[in-house]
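Asks: Dumping the structure here so I can ask a few things about it.
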Amino acid sequence: MTLKRNSLRKKEKPPFERFKDHCRLLTAFLFSNVGIILLVIFYTIGGAFIFQAIEIFEYERLRITKPQKYPFEGNYTNNCLERLWKITAENISFYDRFSFKRRVNEVLLDYQRTIVHKQLIGQDVDKQWSFSGAFLYSLTVITTIGYGNISPRSDWGKLVTILYAIIGMPLFLLYLSNIGDVLAKSFKWIYSKVCLCRICPGVAKRRLIRERRKLRQLAINRALADLEDARQSSLNSDSSSSSDSNSSTSTASQSDSSSNTDNTEATAPRSIDNKNVVLAMFAEDDDEIDIEQEIRGNTDEITVPLTVCVFIMISYIMWGALLFGRWEDWDYLDGSYFCFISLSSIGFGDLVPGDRVITADKDKVEVSFILCAVYLLLGMALIAMCFNLMQASFT
C-alpha cells in the first residue's frame, strides 16, 4: 500500500506544471472557433466600458480644470446678449466708441467660435459616449471601418485607442480567417446537398452520368479533330515528296505514282481504324462504384461558382438595406450604400447609425443596436467566406 501511495504521489504534477497545462487548455479554447467569437464579443464589450469611463471622467475633469477647452454651456445666445448688455451699460454715454465697437466685436467673435466649436465636436459627451455609442466605436476600431462620428477627445482616450487597436485588429483578422473557413466548409456542404442533389442519390447519379457523357463527347470530338489534322498533314507531306521525285526521273515518277495511289487507298481504312480506336478508348463505361464514390466524396473538393458567391454578397447587402432603411428612415439606395461602405471597411462616415440605434440614455441598449452590431460582425465574416470560395474556384 505504501508503494502504491508513493507511486501516485510521484505521478502527480507539481502545481506550476498543472497551471501551465490549464493555461494551454485555456489558450486552445480561446483560439478555437467558438473561443474566437466569444473573445471578439467580450473584447468589444470591455472596450465599450473602458472608453465610456475614460471619456466621461476626462470630460468632467477638464471641464473644471480647463474651462477654455470646453467653453461655457447652456443657452449661448442668452449668454452673448447678457455680455453685450453689460458692455452697453458700462459705456452708456458712448464716450469711447472705438473701444465699445472693439469689445462688442470680441463678444460676437467669441460667440461665433463657440457655436462653430460646438458644431464640430458634436453632441454632448454623455449622449455621445453612451454604451451603444462606445460599443459602436470599439467595433469600428477593431474592424477598421472608422466612421468618424465618434472620436476620443481626451489624451487618455487617444492612447487607449492606439493600444486597443494594436491588440484588436489582429484578433479580428484571426476571427475573419477562422470563421470564414468554417462558413466556407459549411456552405460547401449545403451546396453539395441542395444544389448538387447529393441529398438525393438517384438524382445525383443521373446528373453525374449526364456530365460524364458531355465530357466524353467533347473528348471524342477533340481526338477526332486531332487525328484528321494529323492525316491531312501526312497527305500533304506525301504529295510534296512525290512531286519532288517526279521532277528528277520519269521512271521513278511512274513507280511513285503507283505507290502513292496505294498509300491513298490505304489511308482511308487506316483513318477508319483510328476512329474506331478513339471510340473504343472513350466508350461508355459508367462504373457504379466510381459514381457512388464521387457522390459520397469529400465536400472540400467541391467548387462553388462565382455567380453564387456574388449573389450571396448582393443579397446580404440588400437585406441590410431593408433593415437599416426601417430603423433609420433611409431610402433603399442610402441603406445599400451604407451596408456596402461598412462591409467593405471603407467607412466614409457620411451615413452612420443615428438616434434610433445610439440612444441618449447611456445605460440603455436597444435591440436594433444589437442587431446592427451582429449584422456587421456576421457580414464581414460572410464576405471573408465568399472570398475564400472564390479563391478556391480560381485554384
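Yeah, the Cβs are placed from backbone N, Cα and C, and that goes for glycine too.
Since the structure is predicted, the reported quantities are computational estimates derived from the model, not experimental observations.
What TrEMBL records for this protein is below:
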TRANSMEM  25-51  transmembrane segment
DOMAIN    119-184  domain 'Potassium channel'
TRANSMEM  129-147  transmembrane segment
TRANSMEM  159-177  transmembrane segment
COMPBIAS  233-264  compositional bias 'Low complexity'
REGION    233-268  region 'Disordered'
TRANSMEM  302-323  transmembrane segment
DOMAIN    312-392  domain 'Potassium channel'
TRANSMEM  365-390  transmembrane segment
Asks: Could you break down the residues of the domain 'Potassium channel' (119-184) into DSSP helix, strand and coil, giving a count for each?
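Replies: Summed over the domain 'Potassium channel' (119-184), the classes give 49 helix, 0 strand, 17 coil.
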Asks: Counting only residues 6+ away from its ends, which parts of the chain sit with a Cβ under 8 Å from the transmembrane segment (365-390)?
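Replies: The answer is 40, 44, 131-132, 135-136, 139, 143, 145, 175-177, 179-181, 183-184, 187-188, 303-304, 306, 308-310, 312-313, 316, 320, 323-324, 327, 339, 342-345, 353, 356-359.
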